[in-house]
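Q: What Swiss-Prot shows for this protein is this:
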type	residues	note
BINDING	CYS3, CYS11, CYS14, CYS87	[4Fe-4S] cluster binding site
BINDING	GLN212, PHE241, GLU262, ASN307	S-adenosyl-L-methionine binding site
ACT_SITE	CYS334	active site, nucleophile
Amino acid sequence: MQCALYDAGRCRSCQWITQLIPEQLSAKTADLKNLLADFSVEEWCESVSGPEQGFRNKAKMVVSGSVEKPLLGMLHRDGTPEDLCDCPLYPSSFAPVFAALKPFIARAGLTPYNVARKRGELKYILLTESQSDGGMMLRFVLRSETKLAQLRKALPWLQEQLPQLKVITANIQPIHMAIMEGETEIYLTEQQALAERFNDVPLWIRPQSFFQTNPVVASQLYATARDWVRQLPVKHMWDLFCGVGGFGLHCATPDMQLTGIEIAPEAIACAKQSAAELGLTRLQFQALDSTQFATTQGEVPELVLVNPPRRGIGKPLCDYLSTMAPRFIIYSSCNAQTMTKDIRELSGYRIERVQLFDMFPHTAHYEVLTLLVKQ
């Protein structure tokens, strides 16, 4: 992939950009096989990859510069700002949004936050696009509510320029730290969730719910999990760390009992909305801590699907699953190192199947799906 920002030495986020995609996939596969070298893996499935550029559905832009000439991008370690509006990972549909946002910031008087001086209001711009209809969600991350009235007043101009903006919010993040968002979300539009669709499954994206950034590969990941589950004798499953319900909603059948657990209430609201649309009445989604939920249950499903954050599922949940011994575990991981550590803690399971998904091209990161079967 050609990138003027990389060639000019202005951005080094894509550390593997000089390697061809097949070379990147080979290196990632070798890394995964090395991590799982102590285990017997029955089947290595072919790796899945997607487009090498224009694939991201989300932009997280630090706002810097001045109110008259804002920069959208990132800050280098020395505090120097870098405009990333031309990043080739973003789809072409993002360019007109960035182009309209710069004069809008001036119109609304949203002074960019200056980290060194601890002054200013606008910290980040967060943009998400739906692949199904091109609708977008725009979030202004502000230090306080000081400029909220000005933002509301100027908003009709932006909506006229960009009718694709379906959901617009102001997120209040008052802490002087590199934290992307605060707890308070103020909706500036009537619509509060962005409609998405993968493999004919309706999904919803709300401001504070996690959603995969590579929709082409994510939809293949969910479809693969569904295919694996359909091959198993499963009538009851748990979907832990379920997010907006992507895995559970794909895997569920009308006669299957499924419980999805996620700590973020916003994500659970999305999952419930999707389940209602699909008419799946035996699905239950609850906003709870996944480990706490699992370890207080008396009954055990045939299948537990886990999709934890980078830290993995951790020893308490591993110990519980080892004791309760569900027949199958499907582990989806964005960090194969912590997944490997967790699998070591899961006693009495063999690895039936492993598949790598290249969710993050041009970096060392990847997603992996693993099927574990009780011995």
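Every residue, even glycine, has its Cβ placed from backbone N, Cα and C.
Explain the structural surroundings of these features, please.
A: All chains included, 19 other C-beta atoms sit within 10 angstroms of the C-beta of CYS14 ([4Fe-4S] cluster binding site).
Contacts of PHE241 (S-adenosyl-L-methionine binding site) defined by a Cβ separation under 8 A and a same-chain sequence distance of 6+ are given as ILE261, GLU262, SER290, VAL306, ASN307, PRO308, PRO309, ILE313, in order along the sequence.
Around CYS334 (active site, nucleophile), the same-chain residues at least 6 positions away in sequence with a Cβ under 8 Å from its Cβ are PRO309, ARG310, MET359, HIS365, TYR366, GLU367.
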Q: Which residues of the same chain, at least 6 positions away in sequence, have a Cβ lying under 8 Å from the Cβ of CYS3 ([4Fe-4S] cluster binding site)?
A: CYS11, CYS14, ILE17, CYS87, PRO88
Q: For the recorded [4Fe-4S] cluster site, whose residues are CYS3, CYS11, CYS14, CYS87, find every other residue on that chain with a C-beta no more than 8 angstroms from the centre of their C-beta atoms, and list them by sequence position.
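A: Filtered neighbour residues, in order: LEU5, TYR6, SER13, ILE17, LEU84, PRO88, LEU89, HIS362.
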